[in-house]
Amino acid sequence: VKPNNMSYLNPRTVILIGIPGLEHLQFWIGFPFFAVCLVALLGNIILLIIIPAERSLHQPMYIFLAVLAATDVGLCAAIAPKMLAIFWFRAHSMVFDACLAQLFFIHALQGMESGILLAMAFDRYIAICDPLRHTSILTPSILGRMIAVVVIRAIVLVGLLPILIKRLHLFHSIQIDHSYCEHMAVVKLAADDIQVNKICGLFVGFSILGFDMIFILISYALIFQAVFHLQQKEARMKAFNTCTAHIFVFLEFYILAFFSFFSHRFGHVVPSTHILLSTIYLLLPPALNPIVYGVKNMVIRKRVAQIFLLNRGCQQ
């Protein structure tokens with residue numbers, strides 16, 4: 001790194017502060033985040049074991065849930081090791097290219113998670129509004145194509161972000177006031193013109209999160225319209241019951257996502273509050289998703305109970 005009037009030309013490393021203003025508490029803050037990561041990893045790995053093994057779960061909803069679990073495991077793996085190293089071991093330094101790689105994986109996995117939530121909403125729409133054609137519409141080949149589109153879209157669009165950052169050469173600082181490499185947190189370090197980076201960040205955000213949220217809302221508006229037209233109260237309750245888990249996951253993901261997205265660009269939120277909430281946004285949904293879907297499904301509950309009872313029996 002070559003300093004020039006408090007500037008850095010093509011820096012090789014960056015410094016991740018963690019949570020500005022709460023440095024003295026970071027060691028202790030690390031423990032609840034570690035616990036959340038453990039719950040997320042354990043819950044999602046169990047789902048990834050149970051869903052392929054249980055034939056009754058080889059349905060579109062649970063195939064999408066398995067993909068969601070895989071993205072959640074990836075998110076924890078992308079963010080937790082470095083974040084906990086900062087909190088517990090004060091390992092603040094990070095190679096710039098590694099920072100860009102972390103940025104790519106975090107935002108790409110977020111994009112995949114959003115796309116899978118849209119696919120799950122579409123599945124619920126078909127299951128409730130056109131149940132007789134559900135299996136003929138969502139065939140294994142169609143499911144594979146949907147998942148491939150979600151993955152490719154996230155990789156291509158999010159891939160633009162680190163590519164555009166690499167064209168920036170002069171930086172006024174190498175200190176990132178964050179616990180992980182977030183796109184705008186890195187872009188704001190540049191002393192070069194960052195207008196293209198800001199526009200691209202907004203474009204990617206709205207092309208993925210905005211697009212998905214709009215169509216999820218449309219799907220649920222159509223679902224609710226169909227449910228309210230059902231004559232029997234029991235049928236209405238059963239239809240609502242199949243959607244409650246997904247609605248909960250949808251709300252927690254998008255409310256936290258848009259708070260994090262807009263507060264970094266337009267808001268005047270206290271940095272420590274923003275970073276805590278944006279980190280919670282990344283780690284809390286992966287921990288809650290397997291709990292929410294597991295509690296709602298009797299087959300998953302039974303298989304989880306069998307796993308733990310078997311482990312207890314082996315120990316005895």
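Any Cβ shown, glycine's included, is placed from N, Cα and C.
Residues annotated as transmembrane segment in TrEMBL: 27-50 (among others).
Looking just at the domain 'G-protein coupled receptors family 1 profile' (43-293), the mean pLDDT is 91. Taken from TrEMBL, the feature domain 'G-protein coupled receptors family 1 profile' applies to 43-293.
Annotated transmembrane segment per TrEMBL: 62-89 (among others), in sequence order.
Sequence-distant contacts of the transmembrane segment (101-122) (same chain, six or more residues past either end, CB-CB distance under 8 Å): 61, 64-65, 67-68, 71-72, 74-75, 78-79, 82, 94, 146-147, 149-151, 153-155, 157-159, 161-162, 165, 180-183, 186, 204, 208-209, 212-213, 215-216, 219-220, 246, 249-250, 253, 257, 282, 285. What TrEMBL records for 101-122 (among others) is transmembrane segment.
Distant neighbours of the transmembrane segment (142-165): 60, 63-64, 67, 100-101, 103-104, 107-112, 115-116, 118-119, 122, 183, 186-187, 190, 196-197, 200-201, 204, 207-208; these residues of the same chain sit at least 6 beyond its ends, with a Cβ under 8 Å from one of its Cβ atoms. Annotation source TrEMBL lists transmembrane segment at 142-165 (among others).
According to TrEMBL, the transmembrane segment annotation covers 202-227 (among others).
The transmembrane segment annotation in TrEMBL covers 239-262 (among others). For the transmembrane segment (239-262), the residues of the chain that approach it from at least six positions outside its boundaries are 110, 113-114, 117, 120-121, 124, 127-128, 205, 209, 213, 216, 220, 223, 226-227, 230, 274, 277-278, 280-281, 284-285, 288-289, 292-293, 295-296, judged by C-beta separation under 8 angstroms.
Only residues 6 or more beyond the boundaries of the transmembrane segment (274-295), in the same chain, are considered here, and those with a CB under 8 A from a CB of the stretch are 19-20, 22, 29, 33, 36-37, 39-40, 43-44, 46-47, 65, 68-69, 72-73, 75-76, 79-80, 83, 106, 110, 113, 177-180, 182, 245, 248-249, 252-253, 256-257, 259-260, 263-264, 267, 301, 304. Residues annotated as transmembrane segment in TrEMBL: 274-295 (among others).
When Cβ-Cβ distances below 8 Å are used as the criterion, the transmembrane segment (62-89) is approached by residues 16-18, 26-27, 29-30, 33-34, 37, 40-41, 43-45, 47-48, 51-52, 102, 105-106, 109-110, 112-113, 116-117, 119-120, 123, 143, 147, 150, 179-180, 279, 282-283, 285-286, 289-290, 293 of the same chain, each at least six residues removed from its ends.
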